[in-house]
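Listed features, source Swiss-Prot:
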type: REGION; residues: 1-52; note: region 'Disordered'
type: TOPO_DOM; residues: 1-212; note: topological domain 'Extracellular'
type: DOMAIN; residues: 64-108; note: domain 'LysM'
type: CARBOHYD; residues: 149; note: N-linked glycosylation site
type: CARBOHYD; residues: 170; note: N-linked glycosylation site
type: TRANSMEM; residues: 213-233; note: transmembrane segment
type: TOPO_DOM; residues: 234-300; note: topological domain 'Cytoplasmic'
């Protein structure tokens, strides 16, 4: 028996062997002076990234509490709330699928900002989702959300009241359909005229001197086409007038010289004694030597 007891008993280190017949407990042998300090190692590399991502996932997920009804299963709830069965098991500490049927309510992990987290008024006979938050900060923020929802509801109620007052002020009751159509057409015409009056531009707007696009096109045509054409026509008219003036002057001068020569021949005078009128209108007498010859001939 002693051999069996020694074989089955745990072997302790040599320095901590108990005395004969005594029992040794590890808690009693260690004193308060031998307290070990535990240091948390800082993660690095992939472990750090993995922990940060898991922490972000936990921060971005909230829990919705759903009352289990007859016919609900884990797969159906996972499909309904777009989450995995493993996440539901992990949140509810479920080991097997059969443990689900022992619960009255179940926690469902959903994303923080999603359609499922919006607050709606559920009708009778439907399940009411109660969000279960991870941190107290989210619980403190919930009253602010409720106050914001209340203010939004009050604003919408005021808008409804204003609409009702406008409907009461405007008497839209008509006896037949034609009156209704005419009234709606008149309102549409009024709206169109108001829109057009808003779109009309000030005629005295200083950027374009109050002219339209067609006026600018006409001005460009006048400057670019009409003005050069008039200038060319005027230049041609001036050239023709100068040419005609010179031709008339030359013809008149030739006619005068021809008439004077004919008269001198008729009176017996030589053209040498005539007066020379140049083209510039200056009077120049010819040389007088031929005149002496003429006188000599008359004397003889």
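Cβ atoms here come from the backbone N, Cα and C positions, even for glycine.
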State the three-class DSSP label for residue 149 (N-linked glycosylation site), counting H, G and I as helix, E and B as strand, and everything else as coil. helix
Based on DSSP, tally up the residues of the domain 'LysM' (64-108) by helix, strand and coil. 22 helix, 8 strand, 15 coil
Across the domain 'LysM' (64-108), what does the pLDDT come to on average, as a whole number? 87
How many other Cβ atoms sit within 10 Å of the Cβ of residue 149 (N-linked glycosylation site)? 11
